[in-house]
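Inspection log for the structure reproduced underneath, given as structure tokens.
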Amino acid sequence: MKQTIGFIGCGKMAQAMIGGMLNSGLVAPQQIMASARSEKTLEYVKGKFNILTTESNVSVARESDVLFLAIQPYGHEDVLTEIAEHLKANAVIVTIAAGVKIEKVASFFASGVKVVRTMPNTPSLVGAGMTAMSANSEVTREELQNVITLFKSFGEVELLPESQIDAIPAISGSSPAYVYMFIEALADGGVRQGLSRSQSYRLAAQAVLGAAKMVLETGKHPGELKDQVTSPGGATIAAVATLEEEGMRSAVLKAMESCTNRAKELGGK
Ligand SMILES: NC(=O)C1=CN([C@@H]2O[C@H](COP(=O)(O)OP(=O)(O)OC[C@H]3O[C@@H](n4cnc5c(N)ncnc54)[C@H](O)[C@@H]3O)[C@@H](O)[C@H]2O)C=CC1
Ligand SMILES: O=C(O)[C@@H]1CCC=N1
């Protein structure tokens, strides 16, 4: 793949994607160029990934065939204004920001600008990412396929109508955070019973990984898989009953609603 992949913003999510892309071998470090506001970040990513770095967003925009905007939602206006006149011909802009609409990104450019709106997640770093995406009609089939190939180098991709992208932070963009909380809570429970901290994290994380693989690979309903664990009158059903009494499912649903509302708010108008 002989193209330049640019990142404006090189924080946690950009680093996860860069790490995932490089680990897959699909792109070489010399093909990736990144800018960020802090010199410290640029030094860190240069040291870690051996990619090209610059303090100039405009240089990244001028060189990139695929240009990732990996900045906070509220940073888009400034950055888009800054780079509006400096996009490489036929570049595809990829935004990863919660709530930021394709129309908003496109409004800073002359007509014909190519925009893909995505919502990735940090497990991209270890090749287990989940990204939902939607493209505007200016992006050709080949260009979209190219963007999909980049994202598939570090995980799975789901193409969706843009109207559904606001729902994605709650289910896969932000949800790793709730799963880490769950793993932490499981590990605390293990420590409470006398297991070591490190054993507890390993046992809890492997159980979560295994349960997720069961859902994906057996194709069975999660309820059926749960039923296979709950022996009549056994220990699991005691735990399940307590989680139901404590409102686990409704807490998750409420948390997801808050997440979606906040994501919409972050995008602004
Ligand atoms: N962290 C996550 O799990 C996910 C984050 N996202 C989205 O990714 C975007 C970035 O989030 P994080 O990486 O978590 O944030 P972060 O705070 O770690 O990184 C933001 C980066 O943008 C840079 N930046 C800010 N303003 C800039 C400017 N004017 N010019 C150049 N660089 C600038 C900062 O220097 C920093 O490197 C957000 O829009 C967020 O919605 C999407 C999915 C998951
Ligand atoms: O917390 C956030 O706003 C971003 C969006 C998805 C994950 N992190």
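Just so it is clear, glycine is given a Cβ too, placed from its N, Cα and C backbone atoms.
The following features are taken from TrEMBL:
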type: DOMAIN; residues: 4-99; note: domain 'Pyrroline-5-carboxylate reductase catalytic N-terminal'
type: BINDING; residues: Ile8, Gly9, Cys10, Gly11, Lys12, Met13, Ala70, Ile71, Gln72, Pro73; note: NADP(+) binding site
type: BINDING; residues: Asn57; note: NADPH binding site
type: DOMAIN; residues: 162-266; note: domain 'Pyrroline-5-carboxylate reductase dimerisation'
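Positions of TrEMBL features highlighted on the structure.
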residue : record               : DSSP class
Ile8    : NADP(+) binding site : strand
Asn57   : NADPH binding site   : helix
Ala70   : NADP(+) binding site : coil
Identify which of the binding-site residues Asn57, Gln72 has its Cβ surrounded by the largest number of other Cβ atoms within 10 Å, counting every protein chain shown. Asn57
Could you tell me the C-alpha distance between Ala70 (NADP(+) binding site) and Asn57 (NADPH binding site) in angstrom, no decimals? 12
Let me make sure I understand the span of the NADP(+) site: among Ile8, Gly9, Cys10, Gly11, Lys12, Met13, Ala70, Ile71, Gln72, Pro73, what is the greatest distance between any two Cα atoms, in Å? 14
Given Lys12 (NADP(+) binding site) and the residue listed as 'NADPH binding site', what distance in Å do their CA atoms have, once rounded to a whole number? 18
Looking at the binding-site residues listed here (Ile8, Cys10, Gln72), whose Cα lies nearest to that of Asn57 (NADPH binding site)? Ile8
